Amino acid sequence: MTFVSDLFAIALGGSIGAVLRYLITLTVVSAPLSGWLTLHGSVGTTLANLLGCCALGGLFQFSQALVASDWVATGWAASLAHPRTLLAVRIGVLGSLTTFSTLIGETAVFASQGRILASSMLLGINVIAGWCLFWAAAAVVRNWTS
């Protein structure tokens, strides 16, 4: 029963993450400046990826603090500390919110259109800013849990 419950938690989290990603993209596309943003669909993907990296960094440090056992989660943090909840958030929500394959597809479209600079910038922003946000969030949570 545990395996099936884990799968259900991941599926539930995945549906939440997928809807969040769709809403982020819709918000960017319908923004007043969307005509100005020539990469508006890619901006939605980038925003979803960067938010996911930030959340994953915080979750990573949160998990590290739990393993270190010198910090005890209470309240909402105790609920998040449950292994099934971590699966639902990490693999479900964040896995479907962030989409590496969509990013690669969008960069390939720009490259095929001869927009090499746009393609390179899109990839670079996602990777470098995502990496920085991951560790920035981890540092914030580290300070909170110590």
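Cβ coordinates are placed from backbone N, Cα and C, and glycine is handled just like the others.
Swiss-Prot has this to say about the protein:
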BINDING   Gly95, Thr98  Na(+) binding site
TRANSMEM  8-28  transmembrane segment
TRANSMEM  47-67  transmembrane segment
TRANSMEM  91-111  transmembrane segment
TRANSMEM  121-141  transmembrane segment
Taking the Cβ of Gly95 (Na(+) binding site) as reference, which residues of that chain separated by at least 6 in sequence fall under 8 Å from it? Ile10, Gly13, Gly14, Gly17
Quick note, Thr98 (Na(+) binding site): same-chain residues at least 6 apart with CB under 8 Å of its CB -> Arg21, Ala48, Asn49, Gly52, Cys53, Leu56
Collapsed DSSP category at Gly95 (Na(+) binding site): helix
